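Note sheet for the following structure.
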Amino acid sequence: MRLFGTAGIRGTLWEKVTPELAMKVGMAVGTYKSGKALVGRDGRTSSVMLKNAMISGLLSTGMEVLDADLIPTPALAWGTRKLADAGVMITASHNPPTDNGVKVFNGDGTEFYVEQERGLEEIIFSGNFRKARWDEIKPVRNVEVIPDYINAVLDFVGHETNLKVLYDGANGAGSLVAPYLLREMGAKVLSVNAHVDGHFPGRKPEPRYENIAYLGKLVRELGVDLAIAQDGDADRIAVFDEKGNYVDEDTVIALFAKLYVEEHGGGTVVVSIDTGSRIDAVVERAGGRVVRIPLGQPHDGIKRYKAIFAAEPWKLVHPKFGPWIDPFVTMGLLIKLIDENGPLSELVKEIPTYYLKKANVLCPDEYKAEVVRRAAEEVERKLSSEIKEVLTISGFRIALNDGSWILIRPSGTEPKIRVVAEAPTEKRRDELFEMAYSTVSRIVKEAEKK
């Protein structure tokens, strides 16, 4: 049995995620690590309860606990590197309000590597926890991380602006940072959904286009230069240009990949397997190379390939600042890029166009591995004469000779299978997507009938 997926532990409250589990994870972290642990939480209704259980587990092992309380995940990672030997974040990121979860960080701000997560699971399942003597149990110390974190981002970005920016915080923890960061940069900030509320009353927390499409109209009505949207724990960023057009996540990645490769005169960019061909096109043209890695492991890719930049959809890592996903650095650098090079609508014209479609197929967790394998094998047979490369990390990514690709992978956080297709034309994309989606849907039904 696995507790950790591609983004830590995540699941529905009381079904998978409970105070008992949080306490055991805390006990396991305190057994695996020693010294100080920085603990934070997002704004979900269950996060205070789970944070307190986590703290109890950590204290029981003798660790000293620093309580950052309500904080965005990137700020928790930064604070861990500055203050502690380990970090723990109570969050379910962009999941529905019924869910919650746990992310664990090393003292350098990296998320726990897969082998470390397996180590925690072994400790939890064995019950072999360290138990502190009565005189080893330390008091909890409350710490304020956010002001110093904002200053660190400001220093790193090193730019002042007079842009007008619309910010949508998804009623999440990012609302404690982004409006203040942008204002300190000199921007005129207009905010929506910027009060923290674990019910997520403004919109669904995931910043997919369908959840934030209304921002395009607001951009045009308010005359802003840029709109930024985040998720519940503020590790994701989505953007609209000054004309109200949504800038898809691969284009944002491609803009930054191009920037870093040009600055370095080459270098390696690591991206997750669900990213598109436009990234390869701009990186190779600029003299760099792209390496695709499993989902949830950009920090591992940075270390393994000495990467100058890493990204997943909506999640960008700026290694010079830190080895964690940091959208606050992203928004600061994006504003700098716009000020120095022109409107975002013009910048994206430098990125080649590919057409992407994605959807989820509901699938019970126990069938996901079989369904993904069978569906990928069937799609490979149908496209055998066109295949350029097949990557079998975090699922199956089937790349074709014309630059098209199909991805079939199990979700690491939900009972779903992700299906993605991208191609140079909409017609080709639709053909590939329909083939993959219908194949996965049929095999799920067959598996459920067994």
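Residue 1 is the first one shown; counting continues down the chain.
Glycine is no exception: its Cβ is also placed from the backbone N, Cα and C atoms.
Swiss-Prot annotates Asp231, Asp233, Asp235 as Mg(2+)-binding residues; of Ser93, Ser126, Ser175, Ser345, the candidate listed for that same site is Ser93.
Annotation for Asp235 (Mg(2+) binding site): spatial neighbours Pro72, Thr73, Pro74, Ser93, Lys315, Ile325, Pro327, criterion Cβ-Cβ under 8 Å with sequence separation of six or more. There are 25 other CB atoms within 10 A of the CB of Ser93 (phosphoserine), with all protein chains counted.
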